[in-house]
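Here is the structure we will look at, set down as structure tokens.
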């Protein structure tokens, strides 16, 4: 039996824009992706802290350093620019591996600048 475990999370990200005409997805700054151990085309669960809505989509790699979090296509109807969201990835693991797994958490400020990065249960790495 495999368990679905939190792999990584970008916490308190602010939606910077939306593009209803795009086919779908979420564009995320490449630096944030690297920090959170996320990659292009990876499936994500997004939670909108402003309205409680949850939706799934996939990642498009954004330009490093722009701090963009852009919702595309139908996902752009789920959160507005300025909304605070949580972006999560998950991984399947055997129970033995899952018991010792520590997801990567990246916490950002209101401008999507990384503030802290850590694995759950480890010391925070303060970034600014």
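Heads up, the Cβ atoms here are built off N, Cα and C, so glycines get one too.
Note that the coordinates shown come from a computational prediction; the quantities given were computed from them, not determined experimentally.
Residues 73, 74, 75 are recorded by Swiss-Prot as substrate binders, and the candidate that the same record lists for that site, out of 27, 57, 89, is 57.
Within the same chain, the residues at least 6 positions away from residue 57 (substrate binding site) whose Cβ sits under 8 Å from its Cβ are 24, 25, 26, 43, 44, 46, 71, 72, 75, listed in sequence order. Cβ contacts within 10 Å of residue 75 (substrate binding site), excluding its own Cβ and spanning all protein chains shown: 23. Counting in whole angstrom, residue 58 (active site, proton donor) lies 12 from residue 74 (substrate binding site) by their C-alpha atoms.
Apart from the site residues 57, 73, 74, 75, the chain places the Cβ of 24, 25, 26, 55, 71, 72, 76, 77, 78 no farther than 8 Å from the centroid of the site's Cβ atoms, the recorded substrate location.
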